[in-house]
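Per Swiss-Prot, these features apply:
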BINDING   82  anthranilate 1 binding site
BINDING   82, 85-86, 90, 92-95, 110-118, 122  5-phospho-alpha-D-ribose 1-diphosphate binding site
BINDING   94, 227  Mg(2+) 1 binding site
BINDING   168  anthranilate 2 binding site
BINDING   226, 227  Mg(2+) 2 binding site
């Protein structure tokens with residue numbers, strides 16, 4: 001076993017960790033074996049040094065090895081998630097996109113937690129709607145099979161996350177756990193759209209996904225946002241057959257108008273709930289609908305639907321039908337049986 005002191009000394013010298021060192025470090029983290037002051041120092045050192053794809057992949061393996069097992073789902077399983085920490089406090093686009101994608105016929109396993117750095121995290125929103133976020137894994141699997149949608153609450157699957165919550169809150173900034181969050185979904189989706197909070201993270205995240213053996217993925221950075229943008233260009237690293245292809249898309253590539261970031265501003269969970277409810281009922285603002293649609297359109301590309309404009313139009317029609325709220329309502333009802 002590698003000593004914690006030797007790992008910390010390397011980080012204080014801004015040296016990269018080996019696979020084994022990073023695995024051991026995050027095993028210590030998730031088992032509550034690192035005291036709070038040292039946790040904050042380690043997370044700060046990692047951030048200043050900049051995390052490598054090897055450090056991220058080994059941390060993912062350590063965290064998944066300490067997570068409750070989720071029953072395997074037959075066929076393709078999608079994930080739409082952002083790292084958070086982009087600082088813009090937009091409405092919950094990835095959560096809404098997951099509900100819309102499920103309505104469109106894609107099985108989506110949404111993994112996440114309550115807010116750390118924004119006003120309203122994905123599971124704050126879901127709780128405000130009345131979703132029981134602590135379903136047993138077999139019940140969540142059945143919900144996925146019935147309604148194409150399952151919510152996996154991170155602290156329920158990995159109780160060790162309680163050991164790191166305080167350090168993350170104290171730091172009030174994004175840390176490696178923002179990067180790890182999208183990668184440690186216990187349902188292990190094979191088709192994922194992951195939004196990152198920095199352009200510098202696109203390639204390390206993509207390389208990490210290749211190292212983890214993910215089938216198809218798109219890592220996106222939307223000019224400041226951790227999702228596909230409607231205010232400016234979006235940088236993409238797409239993964240297929242372990243190959244990474246980088247490109248940039250604009251709102252016009254999706255066939256939509258360009259909007260301002262302020263058009264997507266969120267608020268407290270109650271305010272966000274009302275905004276999201278209107279979108280799901282087919283009564284949302286054009287900017288809100290567009291933001292959700294382009295993210296689902298990018299997911300559809302991972303299913304060999306390459307025409308982003310056509311994908312976006314299909315999704316907008318589904319949104320405007322109001323059927324998406326029915327999907328959420330079915331999940332709410334099922335989760336409270």
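Every residue, even glycine, has its Cβ placed from backbone N, Cα and C.
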Reading the DSSP string in three states, the entry for residue 226 (Mg(2+) 2 binding site) is coil
From 90, 94, 114, 168, 226, 227, the binding-site residues whose CA lies within 10 Å of that of the residue listed as 'anthranilate 1 binding site': 94, 226, 227
Run through 94, 114, 168 for me and report the binding-site residues whose CA is within 10 Å of the CA of residue 227 (Mg(2+) 1 binding site), in sequence order. 94
Integer Å distance between the CA atoms belonging to residue 226 (Mg(2+) 2 binding site) and residue 90 (5-phospho-alpha-D-ribose 1-diphosphate binding site): 10
Once DSSP output is merged into helix, strand and coil, residue 114 (5-phospho-alpha-D-ribose 1-diphosphate binding site) belongs to coil
C-alpha of residue 226 (Mg(2+) 2 binding site) to C-alpha of residue 111 (5-phospho-alpha-D-ribose 1-diphosphate binding site): distance in Å? 16
Given residue 114 (5-phospho-alpha-D-ribose 1-diphosphate binding site) and the residue listed as 'anthranilate 2 binding site', what distance in Å do their CA atoms have, once rounded to a whole number? 12
Should one count Cβ atoms within 10 Å of each candidate's Cβ, the binding-site residues 111, 114, 168 would be headed by 111
Rounded distance in angstrom between the Cα atoms of residue 94 (5-phospho-alpha-D-ribose 1-diphosphate binding site) and residue 168 (anthranilate 2 binding site): 22
Other C-beta atoms within 10 angstroms of the C-beta of residue 227 (Mg(2+) 1 binding site) total 28
Neighbouring C-beta atoms (10 Å sphere around the C-beta of residue 90 (5-phospho-alpha-D-ribose 1-diphosphate binding site)): 25
Length of the line joining the Cα atoms of residue 111 (5-phospho-alpha-D-ribose 1-diphosphate binding site) and residue 168 (anthranilate 2 binding site), in Å: 18
Would you count the other CB atoms within 10 A of the CB of residue 226 (Mg(2+) 2 binding site), including those on all shown protein chains? 28
Assigned element (helix, strand, coil) containing the residue listed as 'anthranilate 1 binding site', judged by DSSP: strand
